[in-house]
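Read the structure below first, then the notes.
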Amino acid sequence: MSDFDEFERQLNENKQERDKENRHRKRSHSRSRSRDRKRRSRSRDRRNRDQRSASRDRRRRSKPLTRGAKEEHGGLIRSPRHEKKKKVRKYWDVPPPGFEHITPMQYKAMQAAGQIPATALLPTMTPDGLAVTPTPVPVVGSQMTRQARRLYVGNIPFGITEEAMMDFFNAQMRLGGLTQAPGNPVLAVQINQDKNFAFLEFRSVDETTQAMAFDGIIFQGQSLKIRRPHDYQPLPGMSENPSVYVPGVVSTVVPDSAHKLFIGGLPNYLNDDQVKELLTSFGPLKAFNLVKDSATGLSKGYAFCEYVDINVTDQAIAGLNGMQLGDKKLLVQRASVGAKNATLVSPPSTINQTPVTLQVPGLMSSQVQMGGHPTEVLCLMNMVLPEELLDDEEYEEIVEDVRDECSKYGLVKSIEIPRPVDGVEVPGCGKIFVEFTSVFDCQKAMQGLTGRKFANRVVVTKYCDPDSYHRRDFW
């Protein structure tokens, strides 16, 4: 190999080595620049985070701390909350929950009767001096007044619907001005088509009482019979009778008053219209009730009434008492007269010779015999209805009540209260017979019980023949 060739080979090797070194330096420089870019990027990220953190700190410092945490002495403490105090209602003239439909006087009467705990809804004072009313007692609610907000309606038209009944009574209440607030006073109607009666539920106790003024109103040709339900318990201090009179409506309930008349000795064949015609010859009637046998529907021979104009009461007594109707003579007097003016006959040895007598108001120096010839058996009338004797428990309660009261006048030997039987005409059903051990005790009981009230009805009494009583001949 010539020297030239050798020289050229060395040049090529040197060139290859330089190229190799150059490539190595380029790769190293590229990696270095990449690392530099990454370092610069991380540095920018740190600066951005620091800036955001500083910005948050500035925002925190720029507004007051209401909640959250702040750094103090190396610990975290809660900043106090600043909230607006709630306004406490004083409940001035605001009815308690569940009593929206009764008046304040009714509420006070219920509270006085112990139906509402006296301290149950009294406001208590907080340390800040605010009155706070506690949660009402769970038992307090409209259910407590429900029985006082319901009415029984009998003799309803056949096939009548609940909607029609509700519309009729709501309209009558509005026309009569008996509603206490806008809206319908009748909330619900329940009809028993088989037994031809219904129950109405009103929104308030007062409106329920005023609706009783429609007793006897004509609805689709039927005279409605309106009564309180059997479970009714009067509210203390509240009137049980309506304070209004609906013109043209003759109530079938004659409330107790000084102007309530008893008409006895009516022939059994006379119907309501015939007796009314006789009575209205002295003036229009406010209320009238001809007592009938529930089994036969026939008159029992006596009735009660009250006139619209109370001034004609004495005139009716003077004109009707002693009037001959067929083979009977009328006995007309105030219904409560027996309890006040009956004279106790004594001593016992003269009982059979001296009948109980009373002075009838409105008659000129005349006396009428009360209750017939005295015996040991007393008949109490107008105290119970046949349907009230169906339930065994209720029947036993009535017997016990009668026994307890009659025992105050003497020793009670026996009591008979005939009960209704389906499909059978039971003699004396609706009457109560009490046998005493002596005539004298029976007389005392008559004088003490005549004109008294039993189940909100005025008691009428008469003597019963002992032999008929023992034969159970209660006709």
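Using N, Cα and C of the backbone, Cβ positions are placed for all residues, glycine too.
As annotated by Swiss-Prot, compositional bias 'Basic and acidic residues' applies to 7-22 (among others).
Here Swiss-Prot flags 47-56 (among others) as compositional bias 'Basic and acidic residues'.
Lys15 (SUMO2 cross-link) falls within a helical segment according to DSSP. Of all Cβ atoms in the shown protein chains, 10 besides its own fall within 10 Å of the Cβ of Lys15 (SUMO2 cross-link). According to Swiss-Prot, the feature SUMO2 cross-link maps to Lys15 (among others).
Annotation source Swiss-Prot lists SUMO2 cross-link at Lys70 (among others), citing a large-scale study or a structure entry.
Summed and averaged per residue, pLDDT over the domain 'RRM 2' (259-337) gives 88. Summarising the annotation, Swiss-Prot assigns domain 'RRM 2' to 259-337.
According to Swiss-Prot, the feature N-acetylserine maps to Ser2, an assignment based on experimental evidence.
Here Swiss-Prot flags Lys15 (among others) as 5-hydroxylysine, drawing on experimental evidence.
Within 10 Å of the C-beta atom of Lys276 (5-hydroxylysine) sit 17 other C-beta atoms, taking all shown protein chains into account. Taken from Swiss-Prot, the feature 5-hydroxylysine covers Lys276 (among others), and the record attributes it to experimental evidence.
Per Swiss-Prot, the feature region 'Disordered' maps to 1-90.
Counting residues per DSSP class in helix, strand and coil order gives 20 helix, 29 strand, 30 coil for the domain 'RRM 2' (259-337).
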